[in-house]
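Asker: Take a look at this one; I'll ask things after.
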Amino acid sequence: DSSGKVGAGVLRGHAYFVGHYSECKAVDYVVQGRERNFRADYFRMDLDPFLRMSSSNDSCNVVIPVMGGIDIYWEFGVCMPASCSSRELQSILRPESHSSLETPVCRITKTGDPLDEINAGFYITLSIMGVIVAICMLAGVVDYFFSEKLKKKTISRSLGWCVFMSCSLYSNISSIFDIGEAAKSDQIAPIHCIRFFSMAWVLMSHLFSSYLAVVANPDDVMALAKDWSSEVIINGFYSVDSFFFMSGVLLTFLWFKSYNRHPKETMSVYGWIMFYVHRILRLSPAFYILVIFFTFVLKQMLRDSPINMNDIIMQDSCSTTWWIEMLYLHNWIQQDKWCISWGWYLAADMQMYIFTPLLLIPLALKPLIGFLVATLVFTFSTAVNIFLVYYYHWPAAESFLYPADPEETNIENYSMLMYESPLIRCQIVYLVSWVAGLALMLTVLLGLHNQTNGELMDIFWRAMYSAFSRPAWGIGLSVILIMCFYGYGGPINAFMSWHIWVPLGRLSYCGYLIHIPTMLLVLSQTKDEEYFSNFIEFFITRVMSIVGSTYFFAIFWSACFEISFGRIEKLLLMGGDKSLKVADKKVIEVVNDAEKEKPWGKDPEKQSDDISERI
């Protein structure tokens, strides 16, 4: 009864008949006269899409060119005795040598087969994460209950104590929700709003594409492409351009703020060394923890779900390429063996960051020369973009929905050379008009709708869209920020500067890191067939719930693996130009000054962001 049967919706793409997973796993009966119970387990049987028998040479060899090529089958959930193995069933139903038994069976998979056995990496990763979380929780308890009593003690003024208190879960979470600093007039308040909506946009687009792999009627999902509103999802990659834009704005804004205050220190050799060291130490701990968690732990959490038999969902090569991720090179090296596929953004952002002094230094010393350099960078980036589209006859943007040019070549390297390349992403332009800015953003977002519906765009317009769509998007965002920052935003500025966006904006980095694992964990809870009804239902039941779950878990990921390490970094590097080591005497002086101004207390409104921040 729990095995899958052919059901309705075949003409809407229904090819995976899941059956009832939970009912199958519930089979566990006592058999009289036997020492062990009779138990069942869940298998998936894949059949040739044309039901050709195993003797046919072309049997089980149908591939669609999506995500590097995906094999397609008729798929049935099958409930079998738990003592069976997929290898035994495969040898019977599709033997390697000639057999009189002819079947259209291509392969048989048992729940958990695609997963490696739990190894030392699993336990080491859990141990590392567990120790860090335990320290953060212990520090949080001490901070909340005993900080007032201990602040006058000698131990509270030592470096070790300050490092320990930097991990306080209580203080770190409080700092996430503290809006005092963001309320200052010299802050770019709307940027938190842009961060949150860009993050939600990224998540919705990724969820939409993943949903196609698990839903029983994918053709109904694809039918949304005929509507103009679907371009918001199909062109979701502009949400990443928003992140690149914000990264550049904040980097330039903060660097020039530091340069105007301390020009010699900022331009010193030590200043530039710390420019890179701080960036690496700021981003890496939370990212590295994600890499080892995704590599050794996450997939094991999906073991008790049929989702672990889905080829599209389970594709990864983390066991062999995790080290490439940690070097921020995975947008160039072994792209066919990605581990953290969405981490390409971090790699491209880091690579652009390395070369930003080529723009910052001339802008600071001779603004005219700086603008000339920026113009050259923009021109080079745009020229490379146009050349690639013309030379390879590539599409205006990346989407498997767009019709392919008959002369198109080298499409397998499109992502590496175009979508994920820092050479293409480093374009810089500004305008000063609300109307023009918003019109440009809408044009970029909706301009490919005819191509989505199958109309091949002329190569000239493809090249122009590919080359100038991202700068146009940046112009629109520039208009929003400039107008709001200088007080010309009216109600838009009031909405975008609303303090509710501040903590959500701060959580965007960790939210981006963990949104795919959160999505997989949520989708894995659906063990039976799932149907797509309409976009509103999808948005309410899936998008909103996963956005909420992502930001909830991001609070703790940020508090334990991002903020803690960030505060420790500032403590250890506060010695300035003289030394990278911290003298206990200086710690005492700085901590005392900070306590006089805003002492540590239980009221988040009365405490500073954190002691290490002030140091």
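Cβ atoms here come from the backbone N, Cα and C positions, even for glycine.
As annotated by TrEMBL, domain 'Nose resistant-to-fluoxetine protein N-terminal' applies to 1-112. Taken from TrEMBL, the feature transmembrane segment applies to 120-146, 194-216, 236-256, 276-298, 342-361, 368-392, 428-448, 468-488, 500-523, 535-557. Taken from TrEMBL, the feature region 'Disordered' covers 596-615.
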Asker: State the residues, same chain only, that lie 6 or more residues beyond the ends of the transmembrane segment (500-523) and have a CB under 8 A from a CB inside it; answer 'none' if no residue qualifies.
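Answerer: Non-local partners: 176-177, 179, 182, 191-196, 198-199, 202-203, 206-207, 210-211, 214, 243, 283, 286-287, 290, 293-294, 298, 301-302, 307, 313, 340-342, 345, 542, 545-546, 549-551, 553-555, 557-558, 561-562.
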Asker: Which stretch from 194-216, 236-256, 342-361, 468-488 shares the most C-beta pairs under 8 Å with the transmembrane segment (276-298)?
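Answerer: Between the stretches 194-216, 236-256, 342-361, 468-488, 342-361 has the largest tally.
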Asker: Considering only Cβ pairs within less than 8 angstroms, which of the stretches 120-146, 236-256, 368-392, 535-557 has the most against the transmembrane segment (468-488)?
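Answerer: Going through each listed stretch, the top one turns out to be 236-256.
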Asker: What residues elsewhere in the chain lie close to the transmembrane segment (535-557), defined as a C-beta under 8 angstroms and at least 6 residues from its ends?
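Answerer: Residues 133, 169, 173, 176, 200, 203-204, 207, 211, 224, 229, 286, 289, 504, 507, 510-511, 513-515, 518-519, 522 contact the transmembrane segment (535-557) from elsewhere in the chain.
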Asker: Which residues, given as numbers and ranges, are at least 6 beyond the ends of the transmembrane segment (120-146) yet have a Cβ under 8 Å from it?
Answerer: 164-172, 289, 292-293, 295-297, 300, 556, 559-561, 564, 600, 602
Asker: Quick one: average pLDDT across the domain 'Nose resistant-to-fluoxetine protein N-terminal' (1-112), no decimals.
Answerer: 85
Asker: Work out, from DSSP, the number of helix, strand and coil residues along the domain 'Nose resistant-to-fluoxetine protein N-terminal' (1-112).
Answerer: 16 helix, 33 strand, 63 coil
